[in-house]
């Protein structure tokens, strides 16, 4: 996983060049948006349990067979595993958002996830749906539009961060499908 600074250094080093020009400008923008990025990650991690439990509840409401005998969320052990997986996915999305780089998702979360779910008989459509619900909830926190929950936000538009976070959730969802 490379953060924005490491990426610039590695790229410049590969070219045997000093860091400068557009690379410095991109780092300057990254720093200027740093407080918004930190706030966005804080909103997600502060509400992680709510985001994950709402996503799993929504997934179950849309597919009640998941909690029927034989369903993948039937028994406390399976429900706990489902919630745990949601927490892990959300945690890695927050890491990616903090770093401004999705490689942590590829390296530590998504590599083999679909194959594992298939081997365990986990319905990938339901898992993907839970991820899309997490996406909607998390991005609402980032833009401070989550119903019933308003927080003090850093000044400025957070649409770019919302789109970035959404792209990470989309990456997770498409890797499961």
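Even glycines carry a Cβ here, placed using N, Cα and C.
Taken from Swiss-Prot as is:
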- 35, 39, 158: (2R,3E)-phycoerythrobilin 2 binding site (BINDING)
- 50, 54, 61, 147, 148: phycourobilin binding site (BINDING)
- 72, 77, 78, 82, 84, 85: (2R,3E)-phycoerythrobilin 1 binding site (BINDING)
- 72: N4-methylasparagine (MOD_RES)
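Here the features listed in Swiss-Prot are painted onto the structure.
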residue	record	DSSP class
35	(2R,3E)-phycoerythrobilin 2 binding site	helix
54	phycourobilin binding site	helix
61	phycourobilin binding site	helix
72	(2R,3E)-phycoerythrobilin 1 binding site	coil
77	(2R,3E)-phycoerythrobilin 1 binding site	helix
82	(2R,3E)-phycoerythrobilin 1 binding site	helix
158	(2R,3E)-phycoerythrobilin 2 binding site	coil
### Summary
Given the binding-site residues 50, 61, 82, the candidate whose Cβ has the fewest other Cβ atoms within 10 Å is 61
## Note on the structure
Taking every pair from 35, 39, 158 (the record's (2R,3E)-phycoerythrobilin 2 binders), the biggest C-alpha distance in Å rounds to 11
### Task
Among the binding-site residues 77, 84, point out the residue whose Cβ has the most other Cβ atoms within 10 Å, with all shown protein chains included in the count.
84
### Query
Out of 39, 50, 54, 61, 158, which of these binding-site residues is nearest residue 72 ((2R,3E)-phycoerythrobilin 1 binding site) by C-alpha distance?
61
### Message
Can you tell me the CA-to-CA distance separating residue 61 (phycourobilin binding site) and residue 82 ((2R,3E)-phycoerythrobilin 1 binding site), as a whole number of Å?
### Response
15
### Message
Applying a 10 Å Cβ distance cut-off over all chains shown, what neighbour count does residue 158 ((2R,3E)-phycoerythrobilin 2 binding site) have?
### Response
23
### Task
Round to a whole number and give the Cα-to-Cα distance in Å for the pair residue 39 ((2R,3E)-phycoerythrobilin 2 binding site) and residue 77 ((2R,3E)-phycoerythrobilin 1 binding site).
34
### Query
Out of 35, 72, which of the binding-site residues is least crowded by other Cβ atoms within 10 Å?
35
### binding-site residues compared (39, 54, 85) - the one with the fewest other Cβ atoms within 10 Å
54
### Task
Would you list, in sequence order, the residues of this chain other than 72, 77, 78, 82, 84, 85 that have their CB within 8 A of the centroid of the site's CB atoms, where the site is the one recorded for (2R,3E)-phycoerythrobilin 1?
73, 79, 80, 81, 83
